[in-house]
Amino acid sequence: MSDREQSSGNTAFENPKALDSSEGEFISENNDQSRHSQESICKIYTAGKNNEYIYIGRQKFLRDDLFEAFGGTLNPGLAPAPVHKFANPAPLGLSGFALTTFVLSMFNARAQGITIPNVVVGCAMFYGGLVQLIAGIWEIALENTFGGTALCSFGGFWLSFGAIYIPWFGILDAYKDKESDLGNALGFYLLGWALFTFGLSVCTMKSTIMFFALFFLLAVTFLLLSIANFTGEVGVTRAGGVLGVIVAFIAWYNAYAGIATRQNSYIMVHPFALPSNDKVFF
């Protein structure tokens, strides 16, 4: 597996309804209702002696030049190779996210009775924040809109979270005599991130199981922590912390999937695609 996992053979098109093996045969019909100022992709077909060429609309690609949906690259769907040749930044961003999430979630789970979360500020500002933000910008340079949006956004989340616990920003001081207002404010803050993350998880429903699980369970974690701040229930906070630890390990799993290759590891990650949902969704 290379840093940017590529499709080979027919692995990207195992569903016979999605791709016919006969040369030049159209797979999907033109959509007469989709007419925009720019040409929309309305057909996919193969060509060549061994069906080595794939046409997406009027664009021609070698089959081996297309990337499959893969959590190790934060690529949620079939995509052509990027123009810019950089290393895969997704494992770096995922690692920063995973470590910071793990530390904060252990606090939320009340591991060892810890109640003061300030130790996470360093991770949040630098590894989970700055490093993840840089990785997201790198993803944008690689033409991965989803990866760039996800990593830059969560890098910003960790920077903003760290700022809450830095006295210079004066955020906690503003709520010194109004703890209920602070709980409600943090509840709305986390609720917004839950809604955003649910939106991202919808965009991973045609990818792999671990890729989808990362974003869906993260959204549930945000939702639990939001409810905990609204209600003040420690049990809900601990539930969010336990689920956050699981999310951290899933993020590390996806990061490892993007790093491990046949040249550097004996243990390879084989992604498992989500079941076909062509008949369930639009």
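Note: Cβ is positioned from N, Cα and C throughout, glycine not excepted.
So that you can see what the record holds, here are the features copied from Swiss-Prot:
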| type | residues | note |
| --- | --- | --- |
| REGION | 1-34 | region 'Disordered' |
| MOD_RES | Ser2 | phosphoserine |
| MOD_RES | Ser2 | N-acetylserine |
| TOPO_DOM | 2-86 | topological domain 'Extracellular' |
| MOD_RES | Ser7 | phosphoserine |
| MOD_RES | Ser21 | phosphoserine |
| MOD_RES | Ser22 | phosphoserine |
| MOD_RES | Ser28 | phosphoserine |
| MOD_RES | Ser40 | phosphoserine |
| TRANSMEM | 87-107 | transmembrane segment |
| TOPO_DOM | 108-119 | topological domain 'Cytoplasmic' |
| TRANSMEM | 120-140 | transmembrane segment |
| TOPO_DOM | 141-150 | topological domain 'Extracellular' |
| TRANSMEM | 151-171 | transmembrane segment |
| TOPO_DOM | 172-184 | topological domain 'Cytoplasmic' |
| TRANSMEM | 185-205 | transmembrane segment |
| TRANSMEM | 208-228 | transmembrane segment |
| TOPO_DOM | 229-238 | topological domain 'Cytoplasmic' |
| TRANSMEM | 239-259 | transmembrane segment |
| TOPO_DOM | 260-282 | topological domain 'Extracellular' |
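Residues 69, 76, 146, 149-150, 153, 157, 164, 175, 211-212, 214-216, 218-220, 222-223, 225-227, 229-230, 274, 277, 281 of the same chain sit 6 or more residues outside the transmembrane segment (185-205) yet have a Cβ under 8 Å from a Cβ within it. Taking every recorded stretch in 87-107, 120-140, 239-259 and counting its Cβ pairs under 8 Å to the transmembrane segment (208-228), the highest total belongs to 239-259. Panel annotation: around the transmembrane segment (239-259), residues 1, 3, 70-74, 88, 90-92, 94-95, 97-99, 101-102, 104-111, 210-211, 213-214, 217-218, 220-221, 224-225, 228, 265, 269, 271 of the same chain, lying at least six beyond its termini, place a Cβ under 8 Å from a Cβ of the stretch. The average per-residue pLDDT of the prediction over the topological domain 'Extracellular' (141-150) is 92, rounded to a whole number.
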